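Here Swiss-Prot flags 52-89 as repeat 'HEAT 1', drawing on sequence analysis. Swiss-Prot lists 133-170 with the feature repeat 'HEAT 3'. Residues or ranges marked as repeat 'HEAT 4' in Swiss-Prot (evidence: sequence analysis): 280-318. Per Swiss-Prot, the feature repeat 'HEAT 5' maps to 323-345; the stated evidence is sequence analysis. The repeat 'HEAT 6' annotation in Swiss-Prot covers 346-384 and is backed by sequence analysis. Residues or ranges marked as repeat 'HEAT 7' by Swiss-Prot on the basis of sequence analysis: 552-589. For 640-663, the entry in Swiss-Prot reads repeat 'HEAT 8'. Sequence annotations record features per position, and here Swiss-Prot assigns repeat 'HEAT 9' to 664-700. The annotation repeat 'HEAT 11' is assigned in Swiss-Prot to 1022-1065 on the grounds of sequence analysis. Per Swiss-Prot, the feature repeat 'HEAT 12' maps to 1078-1117. The repeat 'HEAT 13' annotation in Swiss-Prot covers 1141-1183. According to Swiss-Prot, the feature repeat 'HEAT 14' maps to 1302-1340, an assignment based on sequence analysis. As annotated by Swiss-Prot, zinc finger applies to 1446-1499, with the evidence given as sequence analysis.
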Amino acid sequence: MSKQQRRKGNAKNASSASAHGYLAQGGENFVGLTPEMNIFEMASSNRLSNFSGIDDETRIVMRKLTKKDCQTREKGLRELTNIIAETSSIENCYEHFCGLVPQLSTDGSPTVRLLTMKTITLFLVKLEKSACKGLKKIIPMVLFARCDVTNGVAAAAGAVIRDGFEADKKQKVIQLFAPLVFEMAAKIVQGKHDLSVPVEYDASEDREARKSRLETQSLNVFLSYIKEFGADSTIWEEEARKLFENIAFLKMVFGGTNAALKVQVLNLAYRFKNNVEVILNTPSIVTYIQNHLDSQTFTPECSTAWEGMIILLPSAQFHTKVSLQNGIYPRFLNVIRKKGNHWRVLQHFLLPAVVLLLKEMGSLENNMKVLGTIMESFTDNLPWPTDASINAVLSWFNAFSDFVRWILTNDRINLVVWEKLHPLIVTVTEQAMTFPTKEIAECVTDLLQWIIELKTINEADVSTLLLNIESKIVGAGTENSRLIKHLLTEPGKNIVLSNLHANLLSSPELVDFQIIKNLSCSENDYFNATSQKISNFSFIEKTENFDITQAGDIVRLIKLLLENQEIKSLNISVKNDHVGRRLLLTGGSTIWNKLLKNVPVSTFQNMINYWHEKRNGTAIADAVSFLKEMGVEMDTKQAAENVEFLITLLRKMKSTDVSNEAEKNVLILKLFTAIFESDEDAKSEHYNCLSEHLTSDFNSGQFFEKLFASSEEYDIERILETACRVDKLIDLCEEQTRQNIVNNVLLSGKQCGTIIEQFQFLELEVMSCSTKPTVISTTHQHCYSHLDEHKAKEIVTESARIALFNISSKCECFFLISHEQFFFSDYNSAHQVFGWQVISIISALEKRYSLVALTEELQRSRREIEERLIRSDEVRFKLDDSSPCIFLADAYDMSFEQKKKYIQCQAEPSKVPEHALEVLYRENQTPLDFLMNVFEGGYQMFDFDRSKNYHWMINLMFVKKCIQYGGSIFVAEESGLRDYALCGIVTVLDIHKRSTLQQSTDILGNTPNAFDEDPRLEALTTLFIELYLVLNDSIKNDNHPTQTIEEWKEFYVPTINSLFIRMFRMIRKEQQPTPFVRTLLKAMFTLVEFPTNVPNDSVVTREFVPELSVFKYSLLEESFIAQAFILLSSNVEHVQLIGYAAAKLLVPIMFKTENPQVLDDDQDETEIMVANRSKLNLPVMISKSYPVDHIHKHVGPLLLSLAILPLETTKEFVLNQEQRVAYCDAIDSFFKNALNALMLDQPFDFSQVPIVCKIRKQMYFFQFRYSSHFFTAKSQEREYYLQSDLTASPLFFEKFASRLLFKSITLLPAAVRLFHKNIPNNFKPIFQEVVTKHASKLLIENELNKVQNAEFGEVLKVRTVPVTGQIISEYTVEDTKMKLTIELPRDYPLSVPAMNLDKAIVKGDRAKKWLLQLNAYLFHQNGAILEGIEMWKRNVDKGIEGAEDCTICMMTVHQQTNQLPKVKCKQCKNRFHSNCLVSSFHTYKWFESSNQSTCPLCRNNFT
């Protein structure tokens, strides 16, 4: 729908317009209107006629302009502007609009008036000459609107004239229509115009508001015209004079309360050429002027009255009507005596008015009397009121100053009036000291200075004046007189004021720093005149009273006073204060001889120590140099690191003797150290000074290596900034010495090699993990010394800092512009090589300690180094070295010749066969090609000569290619290759002896440190374990033939798993996470049960554990259990996890071995034991291994995971309900401690804050980071809580903790609920939030899914409502249904489910018992929802079947065991629950309470 159609539709729906249409169609007129009709619109129709010649849409819009609601009128004007813009023929519309302009341009709504002006502009611009016929109606209203009280409307009206007419016609238009405007304005003011009465439909303002607005606007029409065209134009006077001839109007104006209207009328009267006559003919105006000379309002009444008085005073006609002596003069005195806001106006009009008054009053003698009285009136009614405006007060002071200046410059009256002026000036000065404003003080002091410089008054009178003012200053006090004192003593003042200045300085109660400073900055004549008159110098002798900003002026004054030979009484004691230190820095023979010579050396030392604390080296150097010249030696050790101090000393070293060279070199090295150790960058002059003193033999003493050797985390930006500082320094050095300085400052190639040698133990990571052909040097055949995690990360971090620093410096490379290529010097290539090696080392470190994330510094360092590395020929040439580093070989792809040369070099004394080299380093061969070449080449594989490196190389590369080929080995076309590779795994790892080969397991069994002694063996073993894991994953996840899968599971898996267990037995507690340890951990996590084929000879030594000896463990079991829990207490997390993985396999054995009787499946349910049944026990090693401290931070959660394993329903653990309850009781105490460790003691990023905070933070992090990707918060929750991710990564323990928390609330909901109840209040809300937001909804979802997927038979139908968390169970018997509703709360299990039972089909008390039993099961006994429903169903089943209740507990199903009464009395045949007869789990213990074993009913003996 177009805009035009929408307007038509809107107009059609308008109520008044529709009504008008209905009237027109029915032939009705306006007679008989109902109250619902718009009478204002009907009345306006007469004015609008029939709108002939315009379309319906325009007609409707025009009618909106007469609506009562101003918003409708505004809308109509906007629609009208759209019509004007869109329609070409608008003449008829223009004619009708012209009739509405008078009402619209004076409308009560400013918006309507504004839019009216804009609409007129559009009409004039579009119609141009065609608009002439309506100008007589429009332009007068436009000119009237130019004076609108709303600025926006006035501006829009001005735009009508500006845009609607050509430039040369604008003035003519205004002049042409001005008389009409004046006539209309005059009538509106007098209330004789139609527009002065509100229009019926205008409800925007009331009558009085409209009247006031239009009166103001009308008078503004006259005043604005006069302002624009000047008073010479008289066309306005005819209509304006009518206003002053209208007595009623004038009485209304001056008798009313509209002050603005009065001011406008007065201003208009002043503009007449015969203004005095107009004013005098209107008595109310004269009276108004006299009465408002002291008006206190903030309106312009007062200024307008004084303007009229200035007009009237010279007029003789005014003198005949008003007496100057008896009328005006007394009125002036009253106005001057009055202290109020009228002085803001009086300042500008009083002096001209007084001058006119004196001129008209006649004789000089009379004038002197009048003038004296006027001046005395200034000081009447003092002091000023406290609430007086400060602007008014300042105006009073300015007016007085103007009068004094006028009087003293008038030779006729100045000396005559001086006697009266003198005390008045003193009084005014005293009054100025009561106002703490600088403007008032400046007014008075400028007047005094002017009087002194005028020289009209003799010196004696001036001195008397100043003495009187000084006495007033003393009387006012220090604070009140502060501004006056400062201004009177300012530099540049007349020397006459020196007496006052000296007296102020000599008075301790009046002097302050500004007065002292004014003296120190004064000119010589003034200074000498003042200083000679000072009688007391105590103001400067107490130097401790001055701060550091004042010390400079004080020292300058002291120096001036010391140089003045006539001053003898100065007594200053130099101390370690701001003035004393400034005196020392100022120096000079005069200060030294008169003040500093006898100062103790300790005082000077204290000054130097102070500057050292403030890091002001320049001051120290200046002071030390001056004192040294004076023969005083000072201790400057503390300032040795201050750059300014060192630079200043270097610059002061004038001598170049050999004896000073050593001292100079020490200073240069100290300056070098200070610049680069400073947190802030040095200034350019610092670098310039250092570069001037650096020579080619400068030795930094490995400064930067020491600088970066810090164990604390270092800011990468600081390293880069340090490199930039080096570049700045090198750029400033002389060209012939620059390269030598670079060589001495940056790291040399030899030094780089020395650093890399520290990381030989990490070369094992490259051999085991790199997919590239690995170089093996002779060093790999020797024992590695593995560093612990802390030390390893520390030295890698230091090396990364050094590498980044060296490679970031731009001075390490230069360009050959002609070839447009980089060329590196030996140093630069060494730094590049070092950088490549360091990033490889960082990656190796990251792999080794994979459970802990690299520090932010190491990650950032690696990125920054990588960005600056360049693959160049110079770096590749380093590979030609006879012993290239394995890190560099891994980072770069060696050429065939390089590889061949290197292998041959390492294979001495025998050469490597050419075909072997071809196999190893053939270009572009796939993993399968390599495997086939090795398989068909007849090389020594698995059982090889270990003295030859190339045999190791072939074996290592073979297994790496097998890993790359992966599960495809199973489907290789050459079946022999598959068998060859699979048998190779067993061959390398198996315990059997083949010829002279001793396999990995044998070697470890005989020599546990064998891998450390020969790293190649560890690399090979690691890779074959990794190959097994890759193939095992392929069997699980890929589609392979059934025969292949069965062969794998029946032969390879059991054999290799037993080898893993034997390898675990050889793991040492202190062993570092080498590739073998990490890979073995992965392998241990793949085992689902403890292998049964582990030979007993795996037990080499037996560690006696007293707690285990009481149970029937085999020697092998006891040995492995002891080993697993020993590893749990390791400080190495990977070793801890190996112990945990083994313990997890051993828990089923431990649980069954330590609870043999309770877990006996053959026990007769009906058999009753007199003695209490044995409780289930937590495996003793779990409770024994619980840490008593927080050294091993992960042990608690790991043990908790082991402890709750029996509660999981698996092949190893199938506990009935009674056993579950018994085991929950057994682990209750342990669970509380372990859960507390899980929640509170995990030191991730928060100290003394629950681990759940970390979990919550992690969830929010993922939700924020991946909100726009496929990673959602929900998927992260499932990953953390539901998936058992055993991948060794920095997130391992976070995910482990999350999963363990979820398992805990799933298996032990009641225990978790109790834990939440008892944790400290400050942790409780956090724990509640995390469980509710993340874990609860997943737990509820799991519980509902279990119930949904369960089968309950035909009689019980169960459905779930996921939205509300409800489970509805309906038990049906014939046509009757009993419904049980369980509703899980949002924070389940922290809150218990709500349960409701409807339509019980048994007795109410029995149904209630069932519900109470279900509630107790879920609330206290860690019961699952599904098991609770099954228990309730069994109760109902038995109740329906008529099973008898146990007569002890009166229940059919036992509350805890969920068993029916099965123990039968042989005499009475009644059945009882066995736990009711003998149990520690229940309140009913009949045999205990009765102290006999008889039947509760027939008393027959059970035994």
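Start at 1 and count along the chain as shown; that gives each residue its number.
Positions of Cβ are set from backbone N, Cα and C atoms, glycine also.
Applying DSSP to the repeat 'HEAT 9' (664-700) sorts its residues as follows: 24 helix, 0 strand, 13 coil. A Cβ distance under 8 Å defines the sequence-distant neighbours of the repeat 'HEAT 9' (664-700), meaning residues of its chain 6+ beyond its ends; these are 640-643, 646-647, 649-651, 653, 707, 721-722, 725-726, 728-729, 732-734, 736-737, 740-741, 744-745. Counting Cβ pairs closer than 8 Å and at least 6 residues apart in sequence, the repeat 'HEAT 6' (346-384) and the repeat 'HEAT 7' (552-589) reach fewer than three and form no contact.
Only residues 6 or more beyond the boundaries of the repeat 'HEAT 5' (323-345), in the same chain, are considered here, and those with a CB under 8 A from a CB of the stretch are 290, 293-298, 302-303, 306, 309, 313, 353-354, 357, 360-361, 370, 373-374, 377-378, 380-382, 384-385, 388-389, 391-393, 395-396, 399. Same-chain neighbours of the repeat 'HEAT 4' (280-318): 244, 250-251, 254-255, 259-260, 262-263, 265-267, 269-270, 324, 327-328, 331-332, 334-335, 338, 340-342, 345-346, 348-349, 352-353, 356-357, 360, counting only residues six or more beyond its ends whose CB sits under 8 Å from a CB of the stretch.
Here the repeat 'HEAT 3' (133-170) has a mean pLDDT of 89 out of 100.
Residues of the repeat 'HEAT 12' (1078-1117) grouped by DSSP class, helix first, strand second and coil last, total 19 helix, 0 strand, 21 coil.
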